[in-house]
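Copied over from Swiss-Prot, here are the features:
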- 9-239: domain 'ABC transporter' (DOMAIN)
- Gly41, Pro42, Asn43, Gly44, Ala45, Gly46, Lys47, Ser48: ATP binding site (BINDING)
Amino acid sequence: MNTQPTRAIETSGLVKVYNGTRAVDGLDLNVPAGLVYGILGPNGAGKSTTIRMLATLLRPDGGTARVFGHDVTSEPDTVRRRISVTGQYASVDEGLTGTENLVMMGRLQGYSWARARERAAELIDGFGLGDARDRLLKTYSGGMRRRLDIAASIVVTPDLLFLDEPTTGLDPRSRNQVWDIVRALVDAGTTVLLTTQYLDEADQLADRIAVIDHGRVIAEGTTGELKSSLGSNVLRLRLHDAQSRAEAERLLSAELGVTIHRDSDPTALSARIDDPRQGMRALAELSRTHLEVRSFSLGQSSLDEVFLALTGHPADDRSTEEAAEEEKVA
């Protein structure tokens with residue numbers, strides 16, 4: 001492992017333009033080495049485009065970007081020697097076994113046959129794929145393919161690993177396995193830049209998070225800092241039935257004097273408040289009007305609520321226009 005400077009990634013005013021539209025619009029990032037740095041944003045926000053520029057797969061149209069002090073435009077070969085990229089879709093060969101895929105990657109990286117086979121065995125066992133080492137990849141489950149894909153990206157251990165939505169489409173058990181792999185990589189000294197739409201994933205893995213929208217960073221910090229930025233108290237409640245939500249929303253708005261948020265659960269409402277006593281008075285008012293509250297809680301803002309407040313819509317809200325833009329630039 002190379003000795004790393006304090007910053008793994010530094011960008012200033014980074015720009016990428018597609019057909020007159022700025023997919024990335026003056027992006028500033030400062031990513032410390034040796035941690036998981038999460039990038040959150042809605043579809044079309046510029047996440048995948050940013051990774052492709054940092055990985056030297058796209059040439060920026062403006063601004064600067066450095067990886068471990070090396071400019072991605074003028075020193076691309078040096079940057080490539082220190083990074084690896086794993087995207088949403090597996091880059092391994094379905095016609096080969098798990099072992100054969102990793103041996104092939106080792107040979108492409110310049111390993112001898114003996115060293116390539118040795119490294120493949122290490123990774124197969126380390127990623128929990130020992131029982132499937134000699135099976136064709138096309139027989140693997142989605143979680144197994146994702147683990148093999150990440151293994152292929154670290155045949156030569158990179159200083160910086162780009163993980164672009166690595167758990168898209170995986171079941172909860174497979175996602176947890178990928179999370180464990182990411183934690184182990186960071187413990188071993190690799191810096192990870194993670195893009196994801198799963199806010200629980202960012203909450204679990206990321207040491208710091210940048211929220212981007214329309215190609216710009218709109219907030220940055222630890223998960224705790226981002227949650228605290230909305231205030232320390234959030235009243236959450238669930239009603240007995242969905243039919244009473246509109247009336248409860250009206251009463252809470254009048255009592256609290258703040259915006260009331262609707263959750264995807266048709267019986268749920270939430271509001272940010274300055275004083276916990278406000279919440280108790282509002283609940284008492286609902287009780288007086290015979291609106292039945294099934295449950296309530298008072299606590300810190302969630303990352304979902306931070307995302308909603310910053311971008312104006314939930315993290316799982318996919319508009320057709322946004323999805324098409326992300327597909328075009330990814």
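Every residue, even glycine, has its Cβ placed from backbone N, Cα and C.
By neighbour count, meaning other C-beta atoms within 10 Å, the densest spot among the binding-site residues Asn43, Ser48 is Ser48.
When secondary structure is read from DSSP and collapsed to three states, Lys47 (ATP binding site) falls in the helix class.
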